Amino acid sequence: MSFQQWSALLKEGFNATSFVATYLCFLHVTNTYLFTHAWVYGPSMLPTFSVTGNLVLAERVSTRLGKVGRGDVVLIRSPQNPRKVVTKRLVGMEGDTITYVVDPKNSDRRETIVVPKGHVWIEGDNIYATSDSRKFGPVPYGLLHGRVFCK
Amino acid sequence: MGKWKTLAQAAIERTAIVAKFICLYHITDTYLFSPTIVRFISFSVCQCVNGGVEIDRWILQVSGPSMLPTLNMTGDVILAEYVSHRLGKVGPGDVVLVRSPENPRKTISKRIVGMEGDTVTYLVDPNFSLRSRTILVPKGHVWIQGDNMYASKDSRHYGPIPYGLILGKVFCRDYMSAMLGLKSYDV
């Protein structure tokens with residue numbers, strides 16, 4: 001092929017790539033700063049979310065502005081596995097006194113704890129089958145990923 | 001009418017170019033590397049923290065001279081990269097940028113001393129006693145300590161921190177400003 005044809009081909013390839021890159025860029029910025037989608041599954045948030053899975057929309061603005069509060073369902077990066085993002089309900093903010101049932105399957109024992117500064121207390125809606133702050137303690141606010149607002 | 005249309009088109013084109021540049025800059029800044037000014041201030045000065053994420057990336061305020069002698073007390077320009085911690089390639093001995101577990105808007109820089117599963121022996125309060133404690137770092141957490149253990153608030157104070165709070169790894173310090181006389185170093 002002649003030089004002309006090569007350069008035309010390259011130019012077209014470059015245009016197409018830059019178009020795709022721009023689109024991905026835009027998608028990424030929206031995902032990080034505006035809202036994102038997530039597929040939540042598992043028994044820990046029954047009956048709010050089903051076991052087999054729900055597609056939810058989570059917005060990422062309130063966590064950065066500090067506007068999440070008690071009762072919000074949040075996406076949070078797991079303190080036990082940093083590659084996993086889990087969905088739980090925010091039950092207590094810093095400074096709150098939380099009384100929780102330690103192990104509802106085996107006993108009725110309750111414990112009371114004050115959430116330290118900069119941390120939040122998260123619990124799954126289904127306390128019989130969830131691994132949450134009752135197991136690994138209050139999590140730092142910095143691990144919050146987003147707030148679920150739509151399912 | 002036609003003139004307005006061409007004007008609007010030109011404006012949109014210009015805006016698109018600026019938006020694309022900002023996008024590209026942001027991606028590099030968040031996911032590859034960025035220069036950061038690490039500034040150390042004493043406890044008595046109030047911290048004025050800007051809420052925007054971009055500004056957080058540029059200016060770090062760490063209370064106290066906690067990373068002496070590695071990093072200067074009055075401030076250092078460093079290059080931090082944001083790739084290694086996502087690949088799980090940070091390890092003991094690395095200086096990392098970490099979101100503070102006590103104040104989520106603050107980014108602090110400390111050294112990783114132990115990864116999950118490691119046994120860490122540390123001096124609880126070297127200013128007052130030689131008492132030491134040994135702890136096992138739980139799964140998904142890291143143990144961070146400032147180089148200047150006499151004046152550093154770190155994992156000895158608030159325990160092991162989740163790996164997810166690590167923002168980036170410091171890999172380079174800018175010596176050019178010192179050599180060009182733009183900064184003076186306190187030794």
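Cβ atoms are placed via backbone N, Cα and C, with glycine included.
Small disclaimer: the values here were computed from a predicted structure and weren't measured.
Under the heading domain 'Peptidase S26', TrEMBL lists B:61-122 (among others). Looking at the domain 'Peptidase S26' (B:61-122) alone, the prediction's average pLDDT is 79.
Per TrEMBL, active site is recorded for B:Ser66 (among others).
Here TrEMBL flags B:Lys110 (among others) as active site. All protein chains shown were included, and the count of other CB atoms within 10 Å of the CB of B:Lys110 (active site) stands at 26.
Long-range contacts of the domain 'Peptidase S26' (B:132-172) within the same chain: residues 33, 63-71, 78-82, 84-85, 90, 94-99, 101-102, 107, 109-126, each at least 6 residues beyond the stretch ends and with a Cβ under 8 Å from a Cβ of the stretch. Positions annotated as domain 'Peptidase S26' by TrEMBL: B:132-172 (among others).
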Pairwise Cα distance for B:Lys110 (active site)/B:Ser66 (active site) [Å, integer]: 8
